[in-house]
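A short write-up of the structure that comes next.
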Amino acid sequence: MEVETRPIVRAVGLGKQVSSPEGELTILDGIDLAIGRGERVAILGASGSGKSTLLGLLAGLDLPSHGRVELDGTDLATLDEDGRARLRAGHVGFVFQSFQLLPGLSALENVMLPLELAGRADAAALARETLEHVGLTARARHYPAQLSGGEQQRVAIARAFAPRPALLFADEPTGNLDRRTGQTVIDLLFRLNAEQGTTLVLVTHDVHLAGYCERRLVMEAGRLAEEAA
Amino acid sequence: MNAPQTCGLALRQLGRDLRSGELRVLLFALVVAVAAVSAVGFFTDRIHRALERQAGELLAADLVVRASQPLPPALSDAAHERGLRVAQTWSFPSVVLAGERSALAELKAVSPGYPLRGALKTSRAPFAPAQVTQQLPAPGSVWLDERLFAELGVQAGDRVDVGASSLKVDGVIAYEPDRGGDLFSLAPRLLMNLADVPATQLVQFGSRVNYRLLLAGTPAALAEWRAWLQAPGRLPEGARLQDVREARPELQAALDRAQRYLGLAAVVAVIVAGVGIAIAARRFALRHWDGVAVMRCFGATQARIAALFGIELLALGLLGGLAGAALGWAGQEGLTRLLGFLAGGELPAPSWRPLAPALATGVVATLGFAAPPLLHLRRVPPLRVLRGDLGPVDVWAGSAYVAALAAVAGLLLWQADELKLATLVLAGTAGAGLLLAAGAWVLTRTLARLRGRVGVAWRFGLANIARRGGASVVQVVAIGTGLMALLVLTLVRGDLLAGWRDSLPVDAPNRFLINIPPAEVDAVAAFLRTHGVPQAELYPMVRGRLTRIGERAVSAADYPDPRAQRLVEREFNLSWAEQPQSDNRIVAGRWFGTEARGRAEVSVEADLAQTLGIHLGDRLRFAIAGQDVDATVTSLRSVEWDSFHVNFFVVFPPGVIEQMPATWITSFYLPAERSALLADLVRAHPAVTVLDIEALLAKVREIIERVVQAVEYVFLFTLAAGLAVLFAAIQATRDERRREAALVRTLGAPRALILKGLLAEFAVLGLLAGLLAASAAAVLGWGLATQVFEFSYRPDPLLWLSGALAGVLGVGAAGWLGTRDVLEQPPLATLRGG
């Protein structure tokens with residue numbers, strides 16, 4: 001069987017410094033990473049270890065101080081902000097710790113948003129279908145404030161998977177949830193991931209959650225290492 | 001994603017934002033704004049048309065064509081075709097005989113239908129109470145004015161000879177709406193039927209007749225007729241078109257001021273509305289930062305974000321514009337009925353004319369004021385999804401408001417319809433904004449130092465103001481602008497309107513005595529003194545024509561301006577005096593010193609000088625009774641023509657034209673019930689002409705009163721806009737306040753403490769804004785009074801007290817209303833973002 005060998009995400013010599021009152025602060029330092037298509041990768045690390053910064057760089061939400069990121073073979077440094085946005089459109093999904101649902105939109109409308117942005121004519125039907133998939137058909141017309149934390153995250157997951165992205169970034173997806181609700185969300189995330197064959201890049205400090213991924217990397221003091229088997 | 005998809009998504013987004021209440025405050029501000037503007041528009045349009053119609057009464061028509069040749073029938077035919085009403089008058093001087101006695105009279109022959117606007121008044125006997133009449137002198141009869149009765153010594157029923165005809169004296173003509181443009185050169189009046197003119201044989205080739213064609217009808221029909229007249233050859237050589245603005249300078253002044261007042265009310269509404277929209281839009285944008293960051297994550301480009309919000313905004317502007325215009329229409333209609341406005345006369349139905357400006361105001365105000373923060377949304381970095389502290393990359397937030405400034409400037413010009421007023425208000429508002437910002441900055445800094453010395457609730461409030469620094473300044477500026485507008489409208493408005501009313505006091509001169517022969521000056525003065533009219537001062541008057549300015553011969557053909565042409569063609573009333581009159585102000589040069597007696601100098605009225613291009617130091621030549629008199633212009637004076645005091649365009653020092661044939665003139669106030677005195681005066685001094693301008697004065701006063709009423713009603717809408725601003729400003733920091741209050745409550749603070757803290761914060765914000773607004777309003781009011789309305793103005797110290805009180809109470813109440821749910825909601829709900 002022919003296997004796609006080109007990594008969907010590749011980082012070479014990635015570094016990030018920010019200026020702070022105490023002077024230049026190094027958050028990431030010399031990170032090399034390649035993630036293959038369909039892989040499920042967990043980046044583990046304590047708070048402040050730089051893992052969210054890394055996720056931002058890999059997704060093209062921010063630019064590195066040095067080094068480069070390739071997303072599906074395209075060097076992000078060659079694109080401007082709009083170019084990077086276009087690259088993400090319809091191909092990259094996100095699930096955030098704080099859900100990031102738009103408070104003014106109903107659950108259904110939140111799920112529709114990325115589909116509409118991608119110009120999908122069947123946005124409403126597809127969103128309804130995905131909501132059904134996460135078990136929230138009854139909540140479709142509810143606003144985020146009317147949903148529990150777990151429900152909000154399920155809507156966020158539906159929103160992330162609805163356009164069937166090739167790549168999904170998840171930033172502490174259970175960070176704001178209790179263990180039981182968190183488990184429901186984990187199950188859902190990995191079920192959809194399995195169904196769609198999405199590449200998953202998961203950032204967490206939760207070893208239990210990381211355990212669902214075949215590959216685990218550990219972030220420490222701005223450097224990345226493969227977890228010892 | 002193509003354009004229709006973007007449009008569709010933008011409209012869906014609008015629907016969602018409307019449904020979820022995200023746009024409630026913005027839409028409210030917008031609707032109130034447009035409602036205010038459109039109510040002002042509809043209302044002032046109606047008032048304006050009513051005023052024009054009333055003013056038309058003084059022309060007896062809406063439009064008049066004057067000529068010294070008979071006017072071709074084509075003119076009236078074309079008017080008839082366009083549905084206009086038409087009448088004709090012929091005026092000419094002639095000697096009228098009654099037995100042995102004769103008098104030179106100004107005959108006026110009128111056709112059926114005259115007057116087209118206003119009404120004639122007659123009385124049975126001279127100086128008896130006059131009554132409105134729909135009649136005209138029947139063929140074969142004439143009406144005489146009081147003076148002609150006296151000069152001819154006739155009574156009703158007698159016959160007088162007019163040319164070849166003998167006509168019956170049938171009544172006294174007490175009032176004709178369009179009597180003479182030049183009040184001081186009138187011979188006594190004889191009013192007759194146009195059908196009688198041929199038989200008199202007075203009008204023949206070469207006769208000096210003033211032919212007038214009177215027209216009245218709808219503005220559209222009049223405009224159509226005027227357009228028809230534009231074609232070459234239609235308006236006969238020498239014929240002149242006259243509408244009400246050119247006809248009566250006193251009324252023109254009143255109408256101009258009226259227009260400025262109403263324009264100002266509209267302008268203030270626009271600014272207040274704009275501030276409300278800007279604040280609400282800023283809040284709306286802030287609340288969308290997270291959403292936009294998510295959209296950017298999901299691949300929306302900056303252009304897409306800009307397009308989405310731009311289209312949403314445009315649609316919102318239209319929607320708000322329509323709703324506001326409908327509300328404004330209903331508002332002005334309801335108000336008109338509620339207040340029984342113009343109970344004495346009908347108000348024309350509202351026209352659709354103000355609708356387009358109202359809608360445009362909605363769109364322009366939305367785009368101008370709301371676009372900057374919303375378009376700024378495209379700069380929200382997608383990384384905000386991970387780092388909530390990141391906002392849009394801010395080059396200089398203020399630069400985005402250049403669009404708002406341009407929008408305001410455009411709207412101002414449009415609404416005020418006058419560059420000077422618009423510029424002044426714009427500069428004033430911009431200056432006031434800077435003053436408010438600087439003052440707010442200094443005061444919030446100072447407050448920060450105070451908080452260590454006050455109780456815990458005050459500390460909470462003051463700390464909030466100081467910590468929010470920039471936001472507090474913005475809030476003070478916004479609230480201050482709203483308050484300033486309200487203060488300008490309430491207090492300054494009162495002063496301005498009072499100033500205007502005072503410019504025409506109840507005892508303004510209402511009678512003129514003219515043609516007083518030099519030999520009778522002392523006797524007339526004595527008569528007036530003994531009969532209790534001491535204030536009447538007599539002035540000499542010499543008639544002369546201006547023939548040269550410097551080396552240039554003066555000719556009407558040199559001036560494109562019709563007013564200048566008329567001024568040049570007619571004789572000026574010249575006078576001499578040692579002292580300038582009390583209502584004259586020297587605007588350039590110096591008034592004659594005592595040593596100027598006999599020196600060839602003149603003082604010229606400033607407006608006349610400007611119209612005719614006369615400058616200080618110019619040498620003028622006047623032709624007076626066949627002699628040339630040269631004099632150098634040594635001063636320019638401004639004159640309050642609408643004070644109705646005797647005034648002159650050109651004044652010499654004593655001893656220059658004293659030997660020229662002169663008559664004397666005076667004006668004074670005489671209550672209506674003492675009119676009989678005038679009959680005695682005319683009997684004792686038959687050569688003296690009495691002019692009664694009571695009717696004209698009453699008209700001007702009525703116009704002033706109605707405009708004052710109108711402005712006061714219009715003010716209510718602006719008040720609503722001001723309240724919307726206040727509310728929007730409070731709403732702007734509501735989310736933050738709610739979160740903080742919830743947090744503090746979670747930490748164990750009692751409700752009362754938070755409430756006191758909030759009230760303390762709002763009260764202090766209101767106090768700062770109120771005091772600063774009062775200062776700004778004083779400056780703006782002074783500018784308006786002196787630069788636009790030409791009154792003197794001194795701000796009342798109460799202004800500051802009112803400002804402070806309005807600020808504290810208004811902001812306190814609005815703040816409490818806007819944030820009271822902070823205290824009623826469980827803290828958890830707030831903290832969870834509900």
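Just so it is clear, glycine is given a Cβ too, placed from its N, Cα and C backbone atoms.
TrEMBL annotations: computationally assigned, not manually curated.
Computed from a predicted structure; not experimentally measured.
Copied over from TrEMBL, here are the features:
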type     : residues  : note
TRANSMEM : B:25-44   : transmembrane segment
DOMAIN   : B:27-224  : domain 'MacB-like periplasmic core'
TRANSMEM : B:261-284 : transmembrane segment
DOMAIN   : B:264-382 : domain 'ABC3 transporter permease C-terminal'
TRANSMEM : B:305-330 : transmembrane segment
TRANSMEM : B:355-375 : transmembrane segment
TRANSMEM : B:395-415 : transmembrane segment
TRANSMEM : B:421-443 : transmembrane segment
TRANSMEM : B:469-492 : transmembrane segment
TRANSMEM : B:713-732 : transmembrane segment
DOMAIN   : B:715-826 : domain 'ABC3 transporter permease C-terminal'
TRANSMEM : B:753-785 : transmembrane segment
TRANSMEM : B:797-817 : transmembrane segment
Long-range Cβ neighbours of the transmembrane segment (B:797-817) (under 8 Å; 6 or more residues past either end): 479, 483, 486-487, 490-492, 723, 726-727, 729-730, 758-759, 761-763, 765-771, 773-775, 777-778
Other parts of the chain folded back onto the transmembrane segment (B:355-375), taken as Cβ under 8 Å at six or more residues beyond its ends: 26, 30, 33-34, 37-38, 41, 270, 273-275, 277-278, 280-282, 284-286, 288, 306, 309-310, 312-314, 316-318, 320-322, 324-325, 328, 397, 400-401, 403-408, 410-411, 414-415
Counts of helix, strand and coil residues, the domain 'ABC3 transporter permease C-terminal' (B:264-382), according to DSSP: 97 helix, 0 strand, 22 coil
Sequence-remote partners of the transmembrane segment (B:753-785) [C-beta within less than 8 Å, at least six residues beyond its ends]: 264, 424-425, 428-429, 431-432, 435-436, 439-440, 443-444, 447, 456-462, 464-465, 472, 475-476, 479-484, 487-488, 491-492, 495-496, 499, 730, 737, 741, 744-745, 791-793, 795, 799-800, 802-812, 814-816, 819, 822-823
Secondary structure tally of the domain 'ABC3 transporter permease C-terminal' (B:715-826) (DSSP, helix then strand then coil): 97 helix, 0 strand, 15 coil
Whole-number mean of pLDDT values that fall within the domain 'ABC3 transporter permease C-terminal' (B:264-382): 79
